[in-house]
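Listed in TrEMBL for this protein:
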ACT_SITE  Lys62  active site, proton donor
BINDING   Asp11, Lys33, 60-69, Thr120, Arg181, Gln190, 210-211  substrate binding site
DOMAIN    5-226  domain 'Orotidine 5'-phosphate decarboxylase'
Amino acid sequence: MRDKPILVALDFDNKHSALQLVDKLDPAMCRLKVGKEMFTLFGPELVKDIQHRGFDVFLDLKFHDIPNTVAKAVAAAAELGVWMVNVHASGGFAMMEAARKALLPYGDNAPLLIAVTVLTSMSDDDLKLLGIEVGAAEHVKRLAKLTRDAGLDGVVCSAQEAAMLKDLCGQHFKLITPGIRPEGSEVGDQHRIMTPARALEAGSDYLVIGRPITKAADPLAALTEIHRSIQGL
Ligand SMILES: O=c1ccn([C@@H]2O[C@H](COP(=O)(O)O)[C@@H](O)[C@H]2O)c(=O)[nH]1
């Protein structure tokens, strides 16, 4: 049976507004993602406030540093009891391996450890400007292979790459896909997008959804509608 696939991205500059939304949500329906904005503003206390309300937290801080620093940072995330934590795959094999080893003492209580491949806001042209001469899909493939070889649990990618990565890395390798846009919602700064239902059909395990829910006139109704659209998939 499929695990709860919806991860709501809580990107707010106001803790009260964020917790007002959280209090309307049901932990049986979704998990919550805390990213750079809210963690920088409100720190570990915010994560604890959310956990006390019964939600699993994906700490999306995308660590990218020397291996020793990243290893210490993911261990700190494990101490916080988060459900999932991430690093950037472009930090390299040694960095990802150090992160994985830092979680070994936590055994079954370790968070899932995943790596960001190519941000879903980026296009082939953006990669060219970085001197990367292959397209996004090809670069995602390289970084996903490196992540799998370093022993991590999965990657952040676009749902557009999900089918390819399930073939390449295996069914158990988790695919976490932001850039999810229900039909008719604003694309914003995302580039490689897909609807919730198509993303699950393509092989995504978890859908990261922020603004289509948090900026909706009725966020609970938006989440409920997305939930309905993926029932049975
Ligand atoms: O490649 C990536 C990695 C992370 N994100 C994060 O996901 C959410 C998406 O929010 P939307 O409002 O649904 O666009 C956001 O917190 C990003 O930091 C991503 O979009 N792409």
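Heads up, the Cβ atoms here are built off N, Cα and C, so glycines get one too.
Structural mapping of features recorded in TrEMBL.
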residue	record	Cβ neighbours (10 Å)
Asp11	substrate binding site	17
Leu61	substrate binding site	18
Lys62	active site, proton donor	17
His64	substrate binding site	18
Pro67	substrate binding site	18
Thr120	substrate binding site	24
Gly210	substrate binding site	19
Practice item. With H, G and I counted as helix, E and B as strand and the rest as coil, say where DSSP puts His64 (substrate binding site). Key: coil
Review point. Taking the binding-site residues Asp11, Leu61, His64, Pro67, Gly210, which residues show a Cβ-atom distance to ligand 1 below 6 Å?
Key: Asp11, Gly210
Practice item. Whole-number Å only: compute the distance from the Cα of Asp11 (substrate binding site) to the Cα of Lys62 (active site, proton donor). Key: 15
Check your understanding: Roughly how many Å separate the Cα of Thr120 (substrate binding site) from that of Lys62 (active site, proton donor), to the nearest whole number?
Key -> 14
Practice item. Give the three-state DSSP assignment (helix, strand or coil) for Thr120 (substrate binding site). Key: coil
Review point. Gly210 (substrate binding site) to Lys62 (active site, proton donor): how many Å between their Cα atoms?
Key: 17
